[in-house]
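*Asks:* Attaching a single structure in structure tokens format; questions to follow.
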Amino acid sequence: MTRIKINARRIFSLLIPFFFFTSVHAEQTAAPATPVTVEAKNETFAPQHPDQYLSWKATSEQSERVDALAEDPRLVILWAGYPFSRDYNKPRGHAFAVTDVRETLRTGAPKNAEDGPLPMACWSCKSPDVARLIQKDGEDGYFHGKWARGGPEIVNNLGCADCHNTASPEFAKGKPELTLSRPYAARAMEAIGKPFEKAGRFDQQSMVCGQCHVEYYFDGKNKAVKFPWDDGMKVENMEQYYDKIAFSDWTNSLSKTPMLKAQHPEYETWTAGIHGKNNVTCIDCHMPKVQNAEGKLYTDHKIGNPFDNFAQTCANCHTQDKAALQKVVAERKQSINDLKIKVEDQLVHAHFEAKAALDAGATEAEMKPIQDDIRHAQWRWDLAIASHGIHMHAPEEGLRMLGTAMDKAADARTKLARLLATKGITHEIQIPDISTKEKAQQAIGLNMEQIKAEKQDFIKTVIPQWEEQARKNGLLSQ
């Protein structure tokens, strides 16, 4: 059994990531009375913090794009009617934050600032320009409008001012000066009894990452970011919260179920696991202390896999060698993936069977308990797998969530079988060929050729205009 020596690990972290995603409370502020002090151009701080800057810049080496839909075409069906069915890649280095949100098919191909499918909030975990705009315009001013409105303004990749108070004298002296640059994140931490200003250094390290690596949703007319933590951080607590406010991200185009889309709940799952319970922070594992050429220690800002720096991360707490721990992690990952696939198979059938019931004349009242089960099953599945490190952060919680998802999906299918029988349908509902991403997308009626062509035109014509405008306004150095 893995043994963690908590006292062995306090040799880490000074400066913290230039990254991490987004979310929380939707009470927005008016335009600020204070001047804008956020400097979003990351290279500004290279002379003060050269080692940290160069290691942050090295996240550009994490450039591989992995197509999650091609790996698992079932996802296309589960997200039918939602932009994720078009395009979903596994995360790359933080140096690609702005590029990837611009180029994903999910953000569409807007032609002007009022065009496109998504709100401004979709920028919120991509750039220190977000913190700059919130300081400049207030939260109401920032969140207002469509995603395309932010194109000429949000141009610098996740960096220094996302996690540090770069305007402070302490930061200039080389101290980390951690900060929550997103006010909605600060409110969320307060909601769970963790006000940032009163937190210790190790708590603050993970809270800074938790500005973005969390579950969130878009609330109100302005689609402002909010974390669903009012009733707690467990999957059932958030499910209860969403049900209470009758929130849904979209309606599945097959089953007509009002669905929830989990984001990237690393903070929640880390909190539920052995590392979180012992306050082994994100920084301890993903941003260890390393030596520069002169032998000086600094915090490595090339956020990555702990096994890449085994001696500076895992070995500070664990007695096992690298190969032994890699074997443990691989086994946990395989166990979670095996159950994940089984849940997905059940959900795919449930969506198509629900469609068959609707086509056969099932009423809204007849479908409601079935759709509730589908909604809850997929939510629990999604929260378990949307956190890419669940097998390390909280494998037991991941398996528990997937187990309850399987139960809910089975309940939905049992009810569907009974309902279909009342409509005279007793044969098995056939599933179309979804063996590839392309076939699955065709099965839900996506015209991918048109979608891709429109996106390529957007990339060639609109993005260069955004960058030109940003340079004219002094928001980009080059």
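Quick reminder: no glycine exception, Cβ is built from N, Cα and C everywhere.
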*Asks:* In Swiss-Prot, Cys209, Cys212, His213 are given as binding heme c 3, so which of His94, His318, His349 is in that site too?
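*Replies:* Record check against Swiss-Prot: heme c 3 site with Cys209, Cys212, His213, extra candidate from His94, His318, His349 is His94.
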*Asks:* Can you give me the Cα-Cα distance between Gln263 (Ca(2+) binding site) and His213 (heme c 3 binding site) in Å, rounded to a whole number?
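*Replies:* For Gln263 (Ca(2+) binding site) versus His213 (heme c 3 binding site), the Cα atoms are 8 Å apart.
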*Asks:* If you skip the near sequence neighbours and keep only those at least six away, which residues in the chain come within under 8 angstroms of Cys285 (heme c 4 binding site), Cβ to Cβ?
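*Replies:* Listed in sequence order, they are His275, Pro306, Thr313, Cys314.
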*Asks:* Just checking: which of His286, Cys317, His318 have a Cα that is within 10 Å of the Cα of His301 (heme c 2 binding site), counting only these binding-site residues?
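*Replies:* Within 10 Å of His301 (heme c 2 binding site): His286.
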*Asks:* Which of these binding-site residues has the least crowded Cβ, counting other Cβ atoms within 10 Å: Cys160, Cys163, Cys212, Cys317?
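*Replies:* Selected from the binding-site residues Cys160, Cys163, Cys212, Cys317 on minimum Cβ neighbours within 10 Å: Cys317.
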*Asks:* Which of the binding-site residues Cys160, His264, Cys282, Cys317 has its Cα nearest to the Cα of Cys212 (heme c 3 binding site)?
*Replies:* His264
*Asks:* Around the heme c 4 site recorded as Cys282, Cys285, His286, His393, what other same-chain residues have a C-beta within 8 angstroms of the site's C-beta center?
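*Replies:* What remains near the Cβ centre is Cys209, Glu266, Trp270, His275, Val280, Thr281, Ile283, Asp284, Pro306, Gly389, Met392.
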*Asks:* Could you tell me which three-state DSSP class His164 (heme c 2 binding site) falls into?
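*Replies:* Going by the DSSP assignment, His164 (heme c 2 binding site) falls within a strand, counted as strand.
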*Asks:* Rounded to a whole angstrom, what is the C-alpha distance between Cys163 (heme c 2 binding site) and Cys122 (heme binding site)?
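*Replies:* Between the alpha carbons of Cys163 (heme c 2 binding site) and Cys122 (heme binding site) there are 19 Å.
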